[in-house]
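Copied over from TrEMBL, here are the features:
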type     : residues  : note
TRANSMEM : A:12-33   : transmembrane segment
TRANSMEM : A:39-59   : transmembrane segment
TRANSMEM : A:66-83   : transmembrane segment
TRANSMEM : A:89-111  : transmembrane segment
TRANSMEM : A:118-136 : transmembrane segment
TRANSMEM : A:156-178 : transmembrane segment
TRANSMEM : A:209-231 : transmembrane segment
TRANSMEM : A:261-282 : transmembrane segment
TRANSMEM : A:288-307 : transmembrane segment
Amino acid sequence: MNHLRRLILGEQGLVVLFVVAFAAVALLVPNFFTERNMLGLLQSVVTIGIVSGSMMLCLASRDFDLSVGSTVAFAGMAAVMGSNMTGSVTLGVGLALLAGLVVGTVNGVVIARLRINALIATLATLQIVRGLALIASNGRAVGVNEPGFYTIAQTVVFGIPAPVWVMVVCLAAFGFVLNRTVFGRNVLAVGGNPDATRLAGVDVVRTRIWIFAIQGVMCGIAGVLLASRITSGQPNAATGLELSVISACVLGGVSLAGGRAAISGVVVGVLILGIAENAMNLLNIQAFYQYLVRGLILLLAVMLDNLRSRALRRS
Amino acid sequence: MDAASPVLRVDNIAKGFPGVRALKGVSFTVPAGTVHGLLGENGAGKSTFIKILGGDYRADEGTITMGGTPFSPATVKEAMAAGIAVVHQELQLVPELTVGENLTLGRFPNRGGIVSFRALHERAESALAAVGGGIGSRTKVARLSIGQRQMVEIAKAVMEDAKVIALDEPTSSLSANESDVLFRLIDSLRARGKIILYVSHRLDEVFRLCDGATVLRDGHVAAHFASMAGVTRDEIVRRMVGREIKDIWGWRARQLREEVLAVRDLSGARLPAPASFSIAAGEILGFFGLVGAGRSELLRLVYGADMRQGGTVTLAGEPVVATPKGAIGVGLVMCPEDRKADGIVQGRSVAENIVISTRRHFSRFGLIDSAREASVANGFIEKLRVRTPSRKQDIVNLSGGNQQKTILARWLAEPALKVLLVDEPTRGIDVGAKAEIYAILYDLAEKGLAVGVVSSELPEVMGICDRILVMREGRVVAEFLRGSFDEHAILAAALPGDHDP
């Protein structure tokens, strides 16, 4: 019993629980552990997964970003309209990334330089950017004219769809950035104590702006892949994405108080959300229940995290 | 005192934390209508005892009895009900509420859930009148001075009809005038038969106020004085430290060299009057003054931590950019006053806290060199004798002295250090660690660094500095050279009031 406790409340407790849950679902839910379903599952979490990496940095530095859903939709719209207008997929994609970068940088400057509370600032950009997407498209979906644009999401490399590869690379890159770069360590230090970090000679304002700028670009990438998969620019795409992404991070043990984050946790968090949805789909459970289950999973995970930090403090 | 008057009897109290015995076999008694000093070094167990008394902690063993009734409060509420009130160092008031609301918090007079403000303020006013000081019940706490807030806390105790009032370092952030008001209040509470437990480092106050005292050392009672008659200051100090301390400063003469740091007419939002000073290589310059005299503000301006409004800072003739990053770049660094808020990065390891700045010298293309970082961190942990199980330990688990050493290590790791500014380097640190920190400062000065030290402890400034600047109300008002250090003259210069032009 004590052994089990230590395993679950230990450093890798989340991963252990995840493996157990995964095995249980694989055994109990028919058609779950098949190649086709696994690939489908991974594809369904691409948007969340790509944005989660940068959201992890954002939360780790004690910041917050509610505007990611809107930015994904806006960037997707920019990609479709850009490639339709110029006839070049590359230009369209470039425009989408630029759109994301601009939104993110504006967020960063407003929050870090002008010192506006991140929750409020991104609540504002959430609405502004969604509004821009609606205005640009006149509220309607914009179909893709360039065939090259569909193929982004349809490309398969080594049997795995390209968007999944992009997600894997992004998550790996964020793990590397967090652990092995000065930037990543500074992000954690800013989250641990921003004042002390500034007095230790770290340019805190610049670090925070960078985090939001990167977040914007990641939204741009996610927006392109999403638009390519649904073959159109949808002004209402990715509504509520910010909640899923923050849930995934928190599930993964990223502290909202800043200073604590690990990419392995975020990966697990993303997968838990994906598996819950996927398993319920396979079991033909009505979509309404999925909200309930996701909420409960989040609550459980946070309570577990609470137990874990208390156990850590005691030792 | 008649036989019925309640006596506070503490019997064989013990309390352990994982790995530490905080208190063992603590016993003493305090009669009603007396002020009793609770003395000891940091870490001697005073705070733990006060917390047990106030219901924050539970004792592992032993009993506390009030007037013959034993009680062991499990919550602050229970302690209050038993007649114990603790006024903590960090005051527990809600700044955005009025004084009256704070006094009645949790027990608002109400009718069917609707607060009766008239009754509330009436009750509060009568308690406030008992403590004096002319504080209005309808004033917001945020607008009161620290001294006034303390009065409010005491009024709360009076309102609760507390029999024992414990004051934890009550004068640590009070001016001399505010302290006097507090002392008069304590005298009047004593006259009304209350028991006052008075925790303080300031022995002058203890002799002024206390009828008896208990000295704690390493969690046990090192001495109990039922009366202060015939007790000397030296005796108390000896009991506190358990050994004779002759010279904990260990100052030695050093060769002063050329001027390194020159500050001219520096001013900022919180230091409007321009201030100037300079420090030579090999010199330790002290800044003395009362809390709020502007010493920390001056250091922060020099370091670029706060925005400058005027003036210049030059290092070896070159102007220093007014940001921490710019200052560090030329070898000018600062250990801030508030270690918790501005010094340590919570949640990160000791090693991270050491290399956070200096890693820029050996990180290539923004990549961490883990091996190098580990060796730098381990080197300083060993050199400064930072007591930590490993460099990977979260810094919040270290004691104050070891956190301070970690922050010193952060700057000693800088390859081209020229000026070190330290703000209250030994606050909240025990005597042993203090001596180690002084040794580090001497060593740096010996190597030709210019060192600036802010301290509120006059003996410390006089003990370790080569020269002292006194600040008063935001201005540098006097300078003393070692050899002409005079405790009374320095203190007189620091105190507000009438001064010769």
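A Cβ is built for glycine as well, from the same backbone N, Cα and C atoms used for every other residue.
Keep in mind the model is a prediction, meaning the values are calculated, not measured.
Contact between the transmembrane segment (A:66-83) and the transmembrane segment (A:209-231) holds: at least three of their C-beta pairs are under 8 Å, each pair 6 or more apart in sequence. In terms of C-beta pairs under 8 Å, the stretch of A:12-33, A:89-111, A:118-136, A:156-178, A:288-307 lying closest in packing to the transmembrane segment (A:39-59) is A:156-178. The stretches the transmembrane segment (A:89-111) and the transmembrane segment (A:118-136) meet in space: the count of Cβ pairs below 8 angstroms, excluding pairs fewer than 6 apart in sequence, reaches at least three.
Tertiary neighbourhood of the transmembrane segment (A:12-33): same-chain residues 251-253, 264-265, 268, 271-272, 275, 278-279, 282-283, 301, 304, 308, selected by CB-CB distance under 8 Å and a gap of 6+ residues from either end. If you look at the transmembrane segment (A:156-178) against the transmembrane segment (A:261-282), you find at least three C-beta pairs under 8 angstroms, all six or more positions apart, and that counts as contact.
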